[in-house]
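The block underneath contains the structure these notes are about, expressed in structure tokens.
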Amino acid sequence: MKQHSVAGQLILSTYGMGIQGVARLVYTLVIGRTLSPEALSDTTAILSLAVYLALVWPAGAAIAATRYLANPDTAADSIRALRTSFWVSTIPLSLIAIPIAWWITGDLPTGLASAVLVFSYNAYVFSRGVLTGENRLLRAAVLDTVSSLLAITVLLLVLTAHSSWVLLLPLSAGYLLFALFARSRTVAAPSPSSLQRETLAFTREATFGALVMGGMLPATMIFVRAFDTPTAAGMFAAALTLATPANIVAQAVSQVLLPHFARLRADPSAMRASHRRLFALTAAGFGLIFGALIVFAPWILNLFYGTRYADGVPAMQVLLGIVLLLSLTSAPSALLLASGRERLAARIWMFAFVIGTATMLLLAPVWGQWGALVGYALGGGGGSIVIILCAFLAPTTSTHVRRDITT
């Protein structure tokens, strides 16, 4: 793929997911400004739950779609397996959300509404991966814009309800709209094949990687809401919502770079050279973005949420520092996945995930938000450093990869 083509795809993908991040920020901003920190904490915690559960399989299926649908030789076989696995995973995950959300908020209607949000968010994540794999990023960007506007508009209509469960419905409507108009153009193969088994194996490895890499940030919010006071959780939620958009941009970059590196697998030297250039570019960009956000965090939090959320500044700065490290893995993670080293990446993040989650479980009940942040720093920050080192040191080919998917 030519460099200018990659740049164009990066712009479209970054725009689309950036719009979603901004919409989510505006969404929580309206709630935090017009209602209360407690309402903000409930909404953010349930949204974090939806993000976490999507990582259990649908996000991995989306990653697989970006890899296998990018090649016409593998697309038909892969889409059949991916569609089936999406439905098999999404329905149970939506039902699982009900008791968890009920426990977190103590409100059964919120638990029921969370199932709708989980289903719609899973559909959005998977559909976006399909569009990326099929190189239909312009359509994805348009749908991101329209669905975001729909969510904000419906929120303004239901804001007077003053019920947490109602506040979840506008987001659900936006995500469902995206999924309905993002159907795949790929015609599925009529019967199972060995490539479909390979696709599911890759999805399993990608799921492990996505869960253990991306699961700690939403888990942090869930732990804070479960073990700290509702007011303190609201302060933390404000900080989290301002740190999340930049993290979404990093995910968009990684999603686009995966098919780019996959197409370079036939030329390992070109893959390594492209990785060095893209890592330097993304590191410089993210360094500037996150550095500015950390320095101006007090002013930013006051501007968006007001003085009553001032206690959330330290948490916001710590969150941004950790998310910066995670963002620096955009190119390295894509390289490892595209070159057949997904098992290595999954093992690294699994180890980091276990350390981070165990630390949260031990410290969050005692220290509240700071216990959760210590766990996130150990798992997320430590895992990021190891991923970056392995991307530069590990070979770009793998003997366990069974089939070349390059074009």
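Any Cβ shown, glycine's included, is placed from N, Cα and C.
Source: prediction; values computed, not measured.
Using a Cβ-Cβ cut-off under 8 Å and counting only residues 6 or more beyond its ends in the same chain, the transmembrane segment (12-32) has close neighbours at 39-40, 43-44, 47, 128, 132, 137-138, 140-141, 143-145, 147-149, 151-152, 155-156, 159, 167, 170-171, 174, 234, 237-238, 241-242, 244-249, 251-253, 255-256, 304-305, 309. TrEMBL lists 12-32 (among others) with the feature transmembrane segment.
Outside the transmembrane segment (44-65), and at least 6 residues removed from its termini, the chain residues within Cβ reach (under 8 Å) are 24, 28, 78-79, 82, 85-86, 89-90, 93, 96-97, 100-101, 104-105, 110, 113-114, 117-118, 121-123, 125-126, 128-130, 132-133, 164, 168, 171, 199, 202-211, 214-215, 217-222, 224-225, 233, 237, 240-241, 255, 258, 337. Taken from TrEMBL, the feature transmembrane segment applies to 44-65 (among others).
Under the heading transmembrane segment, TrEMBL lists 86-105 (among others).
Residues 16-17, 46-47, 49-51, 53-54, 58-59, 61-66, 69, 79, 82, 86, 89-91, 93-95, 97-102, 105, 137, 139-140, 143, 147, 165-166, 168-169, 171-176, 178-179, 182-184, 186, 255 of the same chain sit 6 or more residues outside the transmembrane segment (111-131) yet have a Cβ under 8 Å from a Cβ within it. Annotation source TrEMBL lists transmembrane segment at 111-131 (among others).
The annotation transmembrane segment is assigned in TrEMBL to 138-159 (among others). Under 8 Å from some Cβ of the transmembrane segment (138-159) lie the Cβ atoms of residues 12-13, 15-17, 19-20, 22-23, 26-27, 30-31, 34-35, 124, 128, 131-132, 166-167, 169-171, 173-175, 177-178, 181-182, all in the same chain and six or more residues away from its ends.
Tertiary proximity for the transmembrane segment (165-185) is limited to same-chain residues at least six positions away from its ends with a CB under 8 Å from its CB atoms, namely 23-24, 27, 31, 39, 42-43, 46-47, 69, 79, 83, 107, 109-110, 112-114, 116-117, 119-121, 123-124, 126-128, 130-131, 134, 136, 139-140, 143-144, 146-148, 150-155, 157-159. The transmembrane segment annotation in TrEMBL covers 165-185 (among others).
For 206-227 (among others), the entry in TrEMBL reads transmembrane segment.
Residues or ranges marked as transmembrane segment by TrEMBL: 233-258 (among others). Residues 6, 9-10, 13-14, 16-18, 20-22, 24-25, 28-29, 32, 36-41, 43-45, 48, 62-63, 66-67, 129, 132, 137, 214, 217, 220-221, 224-225, 278, 282, 286, 289-290, 293, 297, 300-301, 304-305, 309, 311-313, 315-316, 319-320, 323, 326-327, 329-331, 333-335, 337-338, 369 of the same chain lie 6+ residues outside the transmembrane segment (233-258) yet bring a C-beta within less than 8 angstroms of a C-beta in it.
When Cβ-Cβ distances below 8 Å are used as the criterion, the transmembrane segment (278-301) is approached by residues 238-239, 242-243, 246, 249-250, 253, 257, 309-310, 312-313, 316-317, 320-321, 323-324, 327-328, 330-332, 388, 391 of the same chain, each at least six residues removed from its ends. Per TrEMBL, the feature transmembrane segment maps to 278-301 (among others).
For the transmembrane segment (313-336), the residues of the chain that approach it from at least six positions outside its boundaries are 209, 213, 217, 235-236, 238-240, 242-243, 246-247, 249-251, 253-254, 257-258, 260-261, 271, 275, 278-279, 282-283, 286-287, 290-291, 293-294, 297-298, 300-301, 342, 344-345, 369-370, 373, 376-377, 380-381, 384-385, 387-388, 390-392, 394, 396, judged by C-beta separation under 8 angstroms. Residues or ranges marked as transmembrane segment by TrEMBL: 313-336 (among others).
Same-chain residues lying 6+ beyond the ends of the transmembrane segment (348-367) with a Cβ under 8 Å from its Cβ atoms: 208-209, 211-213, 215-216, 219-220, 223-224, 226-228, 374-376, 378-380, 382-383, 386-387, 390. Residues annotated as transmembrane segment in TrEMBL: 348-367 (among others).
Annotation comment: TrEMBL describes 373-394 (among others) as transmembrane segment.
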